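Colleague: This is the structure I want to talk about, given as C-alpha cells.
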Amino acid sequence: MLLQVVSTISNSSLLQPGFSLLNFNGHVFLFGQKGWPKRSCPTGVFLLDLKQDELKMKPATFSKDSCYLPPLRYPALCTLRGSAESDEYQYIIHGGKTPNNDLSDKIYLMSLVSKTSKKTTFQCVEKDLAGDVPEARYGHTVNVVYSRGKSASVLFGGRTYTPLAQRTTENWNSVVDCLPSVFLIDLEFGCCTSYVLPELQDGLAFHVSLARNDTVYILGGHSLQNNTRAPSLYRLKVDLPLGSPSVTCSILTGGISVSSAIVTQTGDTEFVLVGGYQSENQKRLVCNTIVLEDGRIEIVERASPDWTPDIKHCKIWFGCDMGQGSVLLGIPGASKQLVSDANYFYILRCKGAEEDKEEEVAAQICSQPVAEDPGDSTPFEDSEEFCFSAEASSFDVDENDTYNEDDEEDESETGYWIICSASCNVDINTWVPFYSTELNKPAMILCSSGAGHWVHAQCMDLSESMLLHLSEANVKYFCNEHVDLNKGLQTPKKLGQLKKQPMKPLRKKAARKLTAPVKKSFLRRLFE
C-alpha cells in the first residue's frame, strides 16, 4: 500500500465532508459540493482531473430534459446496471442533506449523455415512489441486487431529524436513528416495500454495505440509541420471484467495530477497507481485506500503510473511494477557519506498484464522501461522518476551461453565524430557534445600507409578524445601526403644487346687462 501526498487541489473548499464521486468510464465527477451552486457551475457537478499531484475541476452540464438536482451531502449512492454483466450503468442517488441542512426523501437516476474534451452532459431524472416510501434521511446505504433475471434496490439505515411532535426547544435540531427497516425499491415501477426483520433490532448509520448478486452484507456502523459501534455483520438475501419478493436476514460472526470506513474494490471479489473510527475518540488505523464469494464473506487484516505523523495525530479524518483500488484521504489543516486550503489530501493506493503502473490509477480516478467541518461539529460525531456502498460487480480536460472559484462572489460574509452587529448575541453553540420558521439556522434579513449586509432578525428585535411582512413586501430594510443614517441622508419631501382657485361666476344681474346689448344688435341686423 502506497501513500502519496496531493500537493495542490484547486478550489479545495468545495471538497468538504459529505460529497460523493461518480465514476463514468474512468472519468470521475464531483457531486454534492459545499454550499449552493454558483453561476460558473449551476449544476454543482464537476469533472475532476488529477495531473502531477494537482487536482482541477471542470463544470459539467445537464440535458434540457433533466430535473433539478440539489447538491446533496451524505446521500446513499450506488450504480444501477441493466443486468449483473452489463457494462452500461447509471447512478442511483437517494436522500442526503441540502446546504440548508434540509433532508431529502427523493430518489434520482443520473446517466452520462455525452463526453467530449470540451463538454460533459448528464441526464438526471427524479423517480416517483409509491407504497412504503422511505422517509428523508442521510448516512444510509443503497445497493442493487439481481435475482431471477430482475433487479431491485435495497435501502437501509441512516439518520433523520426528531419528529415534529417530539421536538422541544432543547432538541429542535437533534437527529435520531431511522427505524431498522429494510426497503425494497422497484425503480421500474416506483414501488417501495418495507420489511421488519427480527434480526435487525437497532438503527444503524455510517455503516459499510457490499452487494454481490442477490446478497447484501452490512458491516459495522454507529447506533445513536446505544452510542455503540458494535462489531456487527448482517447478510440480507433477496429473492425476486414472479409474485411477492422476500428478504431474509442472517447474523454472521467476524464483524468489525467501525463507522465511517472507506471501501475500494481491488478485484472481482476483493475489497479493501480503510479508515473510519473504532470508538468515539479513536481513529481506526488498521486496514482489512474483504473477499465476497457466493454466499460467503471473509474479512482478514492486512498490512497498513506507513501513516504520516500528521495523519496519526489528527483528531478527525475523512476519505473517498477513488475506484480501481485507490482512496482519497483528507485531514483538516491547522487552521479552523473555513478557508480554501483548510484540508490536506493524500492518495492511498491499495494495489501493488506494478498494478498501479499498468492501470495508471493516479491519472484516471478520484474520490467519494467526507466528514463535517471541524468548526461545525465535534471531532468524532458520527452524524457528520460519511458512509458509502459498493458493488462487487461494479481526464481529457481543457486546461483553459477549468472552474475558478475566484471568479465567484465572496459569500463568506453572508454566513449564518457571523457577528452581524455590535449587539449580536447569536452563537452557534448556544443558539436555539426563536421564530416558528427557523429550524437549523437563524433567520436573517438584508440591510440595504451601502453595498448591503446580512443581519440576524433576532438581533434587530424584529417581531415575527414584522419579519414576515418584510419578507413578503417589496421594501428596503435598514438595520438598527443604519436606520438613523438613512433618515439623515433622505432628501426632503417635495411640496405639493399650489392649487389655482377658479374664477367666481358673474352674478345674474351683471349677466343680464351684458346680454341685453347683444340681443338688440342681433335684431337690428335681422330686420335691416
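The backbone N, Cα and C atoms fix where each Cβ goes, and this holds for glycine too.
In TrEMBL, annotation is done automatically, which means it is predicted and not curated.
Quick paste from TrEMBL:
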type	residues	note
DOMAIN	415-492	domain 'Recombination activating protein 2 PHD'
BINDING	Cys420, Cys424, Cys447, His453, His456, Cys459, Cys479, His482	Zn(2+) binding site
Colleague: For Cys479 (Zn(2+) binding site), just count the other CB atoms lying within 10 A of its CB, please.
Modeller: 21
Colleague: Take the mean position of the Cβ atoms of Cys420, Cys424, Cys447, His453, His456, Cys459, Cys479, His482, the recorded Zn(2+) site. Which other residues of that chain put their Cβ within 8 Å of it?
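Modeller: Residues close to the Zn(2+) site, other than Cys420, Cys424, Cys447, His453, His456, Cys459, Cys479, His482: Ser421, Ile445, Trp454, Val455, Met460, Asn480, Glu481.
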Colleague: Whose Cβ, among the binding-site residues His453, His456, His482, has more other Cβ atoms within 10 Å than any of the rest?
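Modeller: Result for the most crowded candidate: His456.
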Colleague: Where does the mean pLDDT land for the domain 'Recombination activating protein 2 PHD' (415-492)?
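Modeller: Summing pLDDT over the domain 'Recombination activating protein 2 PHD' (415-492) and dividing by its length gives 78.
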Colleague: Given a 10 Å Cβ-Cβ cut-off, pick out the one of the binding-site residues Cys420, Cys447, Cys459 that has the most other Cβ atoms nearby.
Modeller: Cys420
Colleague: Kindly report the helix/strand/coil residue split of the domain 'Recombination activating protein 2 PHD' (415-492) according to DSSP, in that order.
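Modeller: Residue counts for the domain 'Recombination activating protein 2 PHD' (415-492) by secondary structure: 16 helix, 8 strand, 54 coil.
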Colleague: Please give me the CB contact count at 10 A for Cys424 (Zn(2+) binding site), counting all chains in the structure.
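Modeller: Around Cys424 (Zn(2+) binding site), other Cβ atoms within 10 Å: 15.
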